[in-house]
There are 2 protein chains.
Amino acid sequence: MVQDWQAKADAKRQAILDSIPEKWRLSSVPSAQDQKDVTGPYIQQFLDPKEIEITETDAVGIAKQTASGAWSAVAVAEAFCHRASLAHQLVNCLHETFFDAALADAKALDAYLAEHKRPKGPLHGVPVSLKDQFHVKNVDTSMGYVGWIDTFEGKPDDPRKGKYESEMVRELRNLGAILYCKTSVPHTLMSGETVNNIIGYTWNPKNRNLTCGGSSGGEGALIGLKGSPVGFGTDIGGSIRIPAAFNGLYGIRPSSGRLPYEGMANSMDGQNSILSVVGPLGSTAGAVRLAVRSILSQSPHLYDPMVVDMPWRDAEEQAVFDMAKAVSGKGPLAFGVMKGDGVVNPDPPVLRAIDLVAAAVQKAGHKVIEWKPPSHEKMLKWIFKTWTYDGGKDVHDAFGLSGETVAAQVAMSYGREAREQFKASDIAATNVEQRQSKKEYLDYWNSTAELTGTGRSVDGLIAPLAPYPAARPEGYKYYGFSAWVNGLDLTAAVVPVTLADKSIDKYPEGYEPVSEHDKVVFEDYDAEIYDGAHVSVQIVGRRFTEEKMLAIAEYVGGLLA
Amino acid sequence: MVQDWQAKADAKRQAILDSIPEKWRLSSVPSAQDQKDVTGPYIQQFLDPKEIEITETDAVGIAKQTASGAWSAVAVAEAFCHRASLAHQLVNCLHETFFDAALADAKALDAYLAEHKRPKGPLHGVPVSLKDQFHVKNVDTSMGYVGWIDTFEGKPDDPRKGKYESEMVRELRNLGAILYCKTSVPHTLMSGETVNNIIGYTWNPKNRNLTCGGSSGGEGALIGLKGSPVGFGTDIGGSIRIPAAFNGLYGIRPSSGRLPYEGMANSMDGQNSILSVVGPLGSTAGAVRLAVRSILSQSPHLYDPMVVDMPWRDAEEQAVFDMAKAVSGKGPLAFGVMKGDGVVNPDPPVLRAIDLVAAAVQKAGHKVIEWKPPSHEKMLKWIFKTWTYDGGKDVHDAFGLSGETVAAQVAMSYGREAREQFKASDIAATNVEQRQSKKEYLDYWNSTAELTGTGRSVDGLIAPLAPYPAARPEGYKYYGFSAWVNGLDLTAAVVPVTLADKSIDKYPEGYEPVSEHDKVVFEDYDAEIYDGAHVSVQIVGRRFTEEKMLAIAEYVGGLLA
């Protein structure tokens, strides 16, 4: 018997498909077996040359064309609406489309430019995709929960339903961005894979046997297919970085309080030991930089009380470029390199990516030291506690609205029903552990000044952000490589490095796993399956070093090109 | 029968007195009835003219003299050790003295200056007093708990006992400050009066029938008697501002994350909805500014993971002075004025102080608008919840170490034994309420741009920080005027305004209290008792506006002089 929630989920899934204009619908979608990789030539076949040119230009390039009027905002919006429609049909990456509103906005932007002879803002005519936690007027926010369909965060009669907009949406509109779709997430947001009862599973466009990552998985898949030049995700344990990495993109996990989260839907809202943060993913470092810099130009601290009054700091960025080029006695840069965390060693392609980056920066004259930090295992214990302070009450309440089933990937952390909650003194003790870990790590970071040979401590840490190139369905099981950055509230940027190569990416003969977690990662590895998948690293910096990490990401990316 | 804890407390009290050199001991201390006010001429009689000159110079002036070598650091240290010793005997304001260490440090500073021909740092030779939450080597930190005597935060065998120093202590030593004493606090720190079983009650030096305030009450009393030119307290609900106000001092409650709290003892450590912050109190605005600016010069964010990378911003300060003088088309400033919070109306002297400040800024050409904020009553509900998340477990555990009795002022909030704790989802809900309140308040603040006539929103809010000029023992009962600033994490500076005057400070005929709380405040008022007490206001600014609030405090203080 079909459950009520299934019917509701099916109807919503169909409604998403139906929202795609007839002219952009695919008559059939090949299986993953028949067409593993749907990026590049595969998706291009459905687009005309101008659409390909537009959608394969990065956000910085698009902004240049639309600001000058060389490209109309309407043409750009249409091209991305088209390509996003194709992307969704190929990998299930959208929760919402609002193309008519986008085209109307684009038209208004073209009129604005014609009238004022200047763009509306630094994102004039740039399409920006949004993870389905942003509230946009006239559009649902389901966050993957069947019980949230046609409600405001689960409340069917809330007056904000269909009317309310998140603070960053307001800022993006001010900046001239074109909003046109919202992207898929795992229900609860607490998974490195993107799966829910509405859209099913979002596949990795580069290899449709693998996950696109999560929880900002729809963003990763969509931008990976160039159905968006830049988009915003969120990250409480890796949710921006994992999909950025799995789709060959740049992305940044800013420190908490840099970019405005105000008015977004969330899970476990009010848990404040580790805050989810919002940040962009894009096809180039420049796109990510443009997004961050543009938002900061809006003085978000005046509209989001959690944002710190810290404008974009050009000097922080310039310092990196000066050090990179050893300008006026500055430089070189100093990097730490971390290959494992004492609990897990990453799969061979990830280790190779780390080696590639380390070799590239060394070759360019920079310093590299081995990272020997305080125990990550000890940190991870309190970090994972914060995810279940409420025993899963919040997420199970949301599931309970419809009675829908819990995805295995989520049940892994939250079970199938709520458990006992932490009490105040347990939470306080966890917060003290957190602060102590932060202090230990800070002291360790400072101590590297003795080792780098630059007279300064490490500028950026080259590290894995996941054990896998891109996990297999139900295969994302270890969050230790990403979550420690959230636990310490550091800034981290993802840099795409290479593709997995089955001919070289092999575990050494007789590899002995270092822990139970490592055994699982080791045994799950299959060079054949991962062949051709994107492989990336993260560059981790101190807290509030967004300018610096983006500059390093851009520079390092350039060295690898 | 004398309890074990009483004997221990008595011994500690005696040890504090015994630590005062014989030559500085008073043969007798008059009663409050015989000598209400022990400031000014009263305490001066025990000092020689040079000591008076030194101790009545503010921290900025002292730094100038010691940096040039006009005054030796030893002479300055001795003068303040002497005056602090007198202060303690008159009002019970010290928990620890370490004069020998201070004189040794002063000697080393004099040698440093002689050798290097420059001061060690901007606080070279400036005595700085510390609330008894700071850990200083070779010195106890009891925080007023009998069970903490001769332990490290209640742990008798902790290896840090006697060795560990708080981060800010390290920075103060770097800056050239002379550390010489730690000041009294109410046990638990959670009171607007300073009382504990060790030192008893710290009296207001201006009126020894009244409280010196709390919880940084020892700081207030000591600096009020000019036994210290500047000192550091902490503030989670008013604990810097209340003693600053009650002793006619300047003080600042910075936003959380501006100054380093790392390594300090605290109550309810790990409660992170509202964080206690550290900040200075001083006899002038300049002294407070010097302390904040000096600490920020030490890059505290590299040593305290909770501190934001935000150096002292001269431009923020200069903007105020430019607006104050209407320089180059800037200005005037715009002030909000809040006389009550909808729950309580302050006593007549406090209302008069607010009127005096509002009149002074208006007379100087600045704008003033009435402050009509979102409901403070609603905010205060979740604010006070955060104080008892753990049902008092932390503080009652600390009392339990010795079995000591709980002061009535503390039992008011925490009872005499621990109660039920909040659970995770209750805390999360409180945190959501907090964020929503912050957003509402921010929106209100922004909306004042429509009303000020300056084109900008209000620069600073003139408001009461307590209902009383200085409360009577067991009379500090309403925290609403100070705690909302902590709840919203705003920056607030205290400005001394006037003295209570029984001839004019009267409630209007037939005054009708607006609430139960107001009734208590109204009925407790006695113009006779408060006569001559200090009366102050706070100037509240947006989050992270320390430079701006200090500049305004200095400017406004100048207008009143």
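Cβ coordinates come from backbone N, Cα and C, glycine included.
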Of the candidates B:L175, B:L179, B:L189, B:L275, the one that TrEMBL places in the substrate site of B:S215, B:I236, B:G237, B:G238, B:S239: B:L189
Max pairwise CA distance, angstrom, over record-listed substrate binders B:L189, B:S215, B:I236, B:G237, B:G238, B:S239: 11
Cβ contacts of B:S215 (substrate binding site) (under 8 Å, same chain, 6 or more positions away): B:K131, B:V185, B:P186, B:L189, B:M190, B:S191, B:G192, B:T194, B:G233, B:T234, B:S239, B:P243
Remaining residues near the recorded substrate site, that is with C-beta within 8 Å of the centroid of the site residues B:L189, B:S215, B:I236, B:G237, B:G238, B:S239: B:M190, B:S191, B:G192, B:G214, B:S216, B:T234, B:D235, B:I240, B:I242, B:S276
Cβ-based isolation winner (fewest other Cβ atoms within 10 Å) among the recorded positions B:K131, B:I236, B:G237, B:S239: B:I236
Mean per-residue pLDDT computed across the domain 'Amidase' (B:76-550): 97
